[in-house]
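Straight from TrEMBL, the features:
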TRANSMEM  7-24  transmembrane segment
TRANSMEM  30-48  transmembrane segment
TRANSMEM  132-154  transmembrane segment
TRANSMEM  174-194  transmembrane segment
TRANSMEM  201-222  transmembrane segment
TRANSMEM  260-278  transmembrane segment
TRANSMEM  290-312  transmembrane segment
TRANSMEM  357-375  transmembrane segment
TRANSMEM  396-419  transmembrane segment
TRANSMEM  467-485  transmembrane segment
TRANSMEM  497-516  transmembrane segment
Amino acid sequence: MAVIGIAILYAIFYVWLGVDSPGAMKVTDLPLLLVGYGFGASFVALFAQLGGGIYTKAADVGADLVGKVEQGIPEDDPRNPAVIADLVGDNVGDCAARGADLFESIAAEIISAMILGGTMAQRCKIEDPSGFILFPLVVHSFDLVISSVGIFSIRNKGDLGAIEDPMSILQKGYSVTIILAVLTFGLSTRWMLYTEQAPSAWLNFALCGLVGIMTAYIFVWITKYYTDYKHEPVRTLALSSSTGHGTNIIAGVSLGLESTALPVLVISVAIVSAYWLGHTSGLVDESGTPTGGLFGTAVATMGMLSTAAYVLTMDMFGPIADNAGGIVEMSQQPESVREITDVLDAVGNTTKATTKGFAIGSAALASFLLFSAYMDEVATFANVPFNQVDIAIPEVFVGGLLGSMLIYLFSAWACSAVGRTAQEVVNEVRRQFIERPGIMDYKEKPDYGRCVSIVASASLREMIKPGALAIISPIVVGFVFRVLGYYTGHPLLGAKVVAAMLMFATVSGILMALFLNTAGGAWDNAKKYIETGALGGKGSDSHKAAVTGDTVGDPFKDTAGPSLHVLIKMLATITLVMAPIFL
């Protein structure tokens, strides 16, 4: 949808405006008109992720606290009044919301790459810049093809041992998709980015794409290491549950904090490597200054998102497996069937976590592109160079502080929204157990619809405050400092302050999202590991402590964390759309 929508808009504007005809708009400026499409995608993605996250986790927390902890009934037991809301929430928060998240990432990356490609082609005086502008659309068209091949390749009929581990099958399909992505990306760069001015530039950009593809693969591996209970971090977290609830929380927080290190190093290496490869591509402006650096990072982002369709498929595996387990429990199937779905559910938790890691990495690179596009747009509208932001200026530094503060305040409001909604669910479930004692003996049927109604209305109500904060903050900050700059003789002060705000918010948002997503996923799979029979199994003190950790991690990994992916891209998109009012 992202590719088709942008391609149609581009074609309409191209024909309607008579691009490149005498006196008309240049084709290199046309991508600036597509920024509104990215803003719309960001707007919908934020509310889908935020509202969906509040819905699914409020229902999950409410169902677990009363059902598992207080009543001692299994997960997804039909006697739990919140079980239907919990199962529906998996689809709302993990399917619809994650799809909107990656849709926004792809749309933002395509538009920003088209802007940077057009700007670079104009500076280098390339005769036909259309290849650099349309390159992102070609890459993501190939994504649909190679991801489909990867999906069909996961049917394994030979190695029965591998069939017992669903994750190995999914990993095989992802590896096939990665290999095909490398091949198609190389062909695309040779086809679209070859120019007589720098005959070897396409090869440098192909290597930039390879950097992005490998970054995606490493991100998936790192997230899997920290969230899969086959690896040491989650098993250590599960072991901490044997000494109580407090030690489980401490171990989970420390694991989440530690998990930020490797991804940040990978992102740093990817950005610098891609920039250097683009910088040395041989493309220069009239003065001989290399101009391909930023476009190199854009190509790396395209590479990272060149397998997005397959990664989204892996994410959908999670809620499907979770709902399958719920159906098994509600239909009272034999325990042996539930054991199979528990294995699938644990793998689904890992695939959801890896998708979130992928989304964070893509959001980081996409935000860097959008930031660069914002700098270019300010320079275009102001008609003066705008290449750097000096944080030694007090007002600019304050803008950075406000950006970091925004991330923490948004996260706090998102988590508290889950807490308040979960309290309503808990009270309702308790009320039904008290007023309908026959529920526990299967003599009375719970009122499932009441819990669904509570979480649906509360999630819509609770997402207003954090959503408004995300949308209004950059506009207000930019306008206030624009007015201040007008009276103090600094005409670009508003644009500089917003740039600092965006920069600091991106850095803080990436770190916070990594912490929240990984800690939450690890807590969840530590509980799943104990439920396999380790450390006392279900109903043990270790299991109760793990359930507490999982409850704390629920709003982390499924509400606040994923919403931050969207937030940092939305801030960049808003500043890009509103740049003229900051001048």
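Heads up, residue numbers simply count up from 1 along the chain you see.
Here the Cβ of each residue, glycine as well, is placed from N, Cα and C on the backbone.
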Any contact between the transmembrane segment (497-516) and the transmembrane segment (396-419)? By contact I mean 3+ C-beta pairs closer than 8 Å, pairs at least 6 apart along the chain.
yes
Segment-segment contact (the transmembrane segment (357-375); the transmembrane segment (201-222)) at 3 or more Cβ pairs under 8 Å:
yes
Counting only residues 6+ away from its ends, which parts of the chain sit with a Cβ under 8 Å from the transmembrane segment (174-194)?
131-132, 134-135, 138-139, 142-143, 145-147, 149-150, 153, 201-203, 205-206, 209-210, 213, 216-217, 220, 299, 302-303, 306-307, 310-311, 314
Counting Cβ pairs under 8 Å to the transmembrane segment (290-312), which of 30-48, 132-154, 201-222, 260-278, 467-485 comes out on top?
201-222
Tertiary contacts of the transmembrane segment (260-278) (same chain, 6+ residues out, Cβ under 8 Å)
204-205, 207-208, 211-212, 215, 218-219, 222-223, 292-297, 299-300, 304, 357, 360-361, 364-365, 368, 510-511, 514-515, 518
